[in-house]
């Protein structure tokens, strides 16, 4: 049985239910007592910050973070009347905190370094290769295709609480410039040292990919995670964020590395060598580096979310180990001439596992939003109907559909985006303690939450 079309006055959602916070005069409107209605949203162990590792270094640096209640009791509808404290500051919407100047500076510097590194490899190709220099852009284009696939998947996966674009670009640039450039130099030096120490070219060829490459490359890529954690802790809030940044770091690294391998294939077998290299590295093995570094990012992100920023830095070295082991196993199989079917079959299983983990983390991110927005609802900042709308995929779709009918879809999108940010800030306050700067960010987002609600109400009238 189909639902009747919603009235034009905007009082009903597309599914026929009253919109969140509908005025009390509307049929079925939610009503509240003098105190907010309490609902237990749970506190899954993955989000529980009450038990900390036994170390003085990880003790809370600030007082426990408490949610400040509105000055008045919860009104009949959070949409029709707001508390005095919030009314005073919400007459003009507070500006959303922007990405810091340091982030933009890092983006510019890393962009220049990408040009420098790629320029070096182009110059090396021109001076040493027998092929036409016109082939180099072809190899760069093929390497870029793989990077676009990885970036596209990450952007699609990051729809619940999207990361700022400058931070995503920084991750790619760090991988393509710093990680790839430093690894190229250190791996070359390590291979030379092994050869000088053993006098064996075979030993150097084994130690390079199996020992040096996993240690050096995973460390240089992983340092990009620490840079992002340092520059933009506000946006590095959990394992999903770590996965996104880690995969893009690995994708950027693979972009530069693939150019090197494609040009070597060109020198060895011409155009056919490029195509074969592209098939094995850019198609069958496209996700290798992305998965290795994403694993590190997941571990760091989980620790940051549960135990705070300091532990995130302390866990960095142990977090590198799984990625290093996977990287070493892959390179070892190639060095020992393991059958291709076995090699890429194992790689396929790894990719399948990574996709499952990605799906779980997408679900986990929405669950965290619901739990933490529930904290604010129980203190009177939100209605529980709003939590359902803001913290579920279905609720978001219905909310945007309803907002579209009253000409306020951009406002609803902003309301959804900033509420997810507020939930992440709440989790950070629980993990790190009530850092005054983070508390100020929380207050700013609460002001914006109220302003967004009032703007939606103005459209609905």
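Cβ coordinates are placed from backbone N, Cα and C, and glycine is handled just like the others.
Nobody curates TrEMBL annotations by hand; they come from automatic prediction.
Range with TrEMBL annotation transmembrane segment, chosen from 195-216, 217-238, 283-304, 371-392, is 283-304. Looking at 78-100, 101-123, 400-422, the range tied to transmembrane segment in TrEMBL is 101-123. Take the transmembrane segment (101-123) and the stretches 135-157, 164-186, 243-263, 283-304, 342-363: counting Cβ pairs under 8 Å, 164-186 has the most.
Outside the transmembrane segment (164-186) by six or more residues, the chain places 99, 103-104, 106-107, 110-111, 113-114, 116-118, 120, 147, 151, 154-155, 212-213, 216-217, 220-221, 223-224, 227-228, 231-232, 235, 244-246, 248-257, 260, 289, 293 with a CB less than 8 A from a CB of the stretch. Beyond its flanks by at least six residues, the transmembrane segment (283-304) meets 46, 146, 149-150, 175, 217-218, 221-222, 225, 229, 236-251, 253-254, 257, 311-312, 315-316, 318-320, 322-324, 326-327, 330, 344, 347, 350-351, 354, 357, 361, 431 of its own chain at Cβ-Cβ distances under 8 Å.
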